[in-house]
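Inspection log for the structure reproduced underneath, given as structure tokens.
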């Protein structure tokens, strides 16, 4: 699919030793474009808890799995193919070793994501045995740090440091592109940072500034793109507005910004929610399938939409037939407003149905419990986001869904930050965020929230049984509802 969607998949990341950014437009911008692609995940809440070119931009097409986004790279000499989860919420690239406990089992657990065999690469070099990543539910991987050659988006990075999982409970490798201060060896052992992927692109001259932009496109699209070192003005509406990233425990380590307002709109009424939880610190995390908001806000949204909420799993359900209705949730960040249509919030739940026979869809907003709120893919699909690590800023605009237009601008060095973006006047910064370290996915408190069942989850039934593996988990939950266990 990558060649089909190459026009949709350019992400600019240009890094130049922590300096500010200026607008550059030329025939061959310094960007690297990477395609990202979608892949189906049967239970996004459980999955979230598990994972919490001289052309100086580098772009990559992303696979859109409805709930997760993947990119294809090769590692080593000769290249070994890997499919990695794109994750802005962590900072290490890691993959499973071919002889790991997981990949060596009889279930072919690593067939889809691929694995890495150090002994088969002539450019492999051992670094340390400090790789030890864990996620909110206790899963993770333990192994070594190493360096090797990475081929990504038509560009080559030499001596890139990455993690190899020899003992692993996660079959999915990860392409972490967050702050270096969130790397495993920093958080686990207090060691110095190393140049992770975006930083290495700067150091090796592929891009000019440590920044990239992300365009996931809509739920129906198979692909999106990440553009290292630049922005693609054809992929968003209006203008980019720039906000400061908030410090976590006194340092810049995660993409946390201040959410100042949430509103509900339908054909019959408009409601702006008031809550003591606002303004709230929210983490922008492409590795989270769903969006996790403060409980009081979620309760209001669920009440207005009559969501059927099942507390033990932390999942809300709505009739799939609501897709296409004029219902929106709007998020405000001091000044910028990002509007998410109901179509982008209804995820396939297989054959799960309400008792009246209507198909049930997973609702893409769930309660955060006691943890920091997370704006995951059910938000990010509706936003074009520039992650400016060099200047500790986020630039954001409403996405231009299914755009075939490309206008790539290089992020250079200078005082003006992101190309064509304007600074938000007097942005809210009085929010407190607690860091969770390297993770992909849901807040740990999501399953024990006090949000009530606005509509009885017992209204759900199993519908017509299917044997498809991707629907098995949800079908079992549905049966559990029916039996009243």
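Cβ atoms are placed via backbone N, Cα and C, with glycine included.
Annotation comment: Swiss-Prot describes 1-20 as signal peptide, evidence class sequence analysis.
According to Swiss-Prot, the feature domain 'Peptidase A1' maps to 69-397, an assignment based on sequence analysis.
According to Swiss-Prot, the N-linked glycosylation site annotation covers 72 (among others). All protein chains shown were included, and the count of other CB atoms within 10 Å of the CB of residue 72 (N-linked glycosylation site) stands at 22.
Among the features that Swiss-Prot reports, active site is placed at 87 (among others), with the record citing sequence analysis. In the shown protein chains, 27 other C-beta atoms lie within 10 A of the C-beta of residue 87 (active site).
For residue 99 (N-linked glycosylation site), other Cβ atoms within 10 Å of its Cβ number 12. What Swiss-Prot lists as N-linked glycosylation site is 99 (among others).
Residues near residue 107 (N-linked glycosylation site) in space but far in sequence (CB under 8 A, at least 6 apart, same chain): none are found. Summarising the annotation, Swiss-Prot assigns N-linked glycosylation site to 107 (among others) and lists sequence analysis as the type of evidence.
Summarising the annotation, Swiss-Prot assigns N-linked glycosylation site to 111 (among others). Long-range Cβ proximity for residue 111 (N-linked glycosylation site), meaning a same-chain Cβ under 8 A and a gap of 6 or more residues, is found for none. In this structure, residue 111 (N-linked glycosylation site) belongs to neither helix nor strand by DSSP; it is coil.
As annotated by Swiss-Prot, N-linked glycosylation site applies to 132 (among others), with the evidence given as sequence analysis. The Cβ of residue 132 (N-linked glycosylation site) has 18 other Cβ atoms within 10 Å, all protein chains considered.
Residues annotated as active site in Swiss-Prot: 285 (among others). In this structure, residue 285 (active site) belongs to neither helix nor strand by DSSP; it is coil. Around residue 285 (active site), a 10 Å sphere centred on its CB holds 30 further CB atoms from the protein chains shown.
Sequence-distant neighbours of residue 328 (N-linked glycosylation site): residues of the same chain at least 6 apart with a C-beta under 8 Å from its C-beta are 264, 265, 266, 339, 340, 341, 342. According to Swiss-Prot, the feature N-linked glycosylation site maps to 328 (among others).
Around the Cβ of residue 337 (N-linked glycosylation site), a 10 Å sphere holds 15 further Cβ atoms from the protein chains shown. Swiss-Prot lists 337 (among others) with the feature N-linked glycosylation site, giving sequence analysis as the kind of evidence.
The Cβ of residue 402 (N-linked glycosylation site) has 11 neighbouring Cβ atoms from other residues within 10 Å, across all protein chains displayed. Feature annotation from Swiss-Prot assigns N-linked glycosylation site to 402 (among others).
Here Swiss-Prot flags 461 as GPI-anchor amidated serine, drawing on sequence analysis.
Put simply, residue 99 (N-linked glycosylation site) is 17 Å from residue 132 (N-linked glycosylation site) when counted between their Cα atoms.
Separating the Cα atoms of residue 402 (N-linked glycosylation site) and residue 285 (active site) is a whole-number distance of 22 Å. Cα distances from residue 99 (N-linked glycosylation site) to the recorded positions 72, 87, 337 are smallest for 72. Taking Cα separation as the measure, residue 87 (active site) is nearest to 285 of the recorded positions 72, 285, 337. In the three-state DSSP assignment, the secondary structure recorded for residue 99 (N-linked glycosylation site) is coil.
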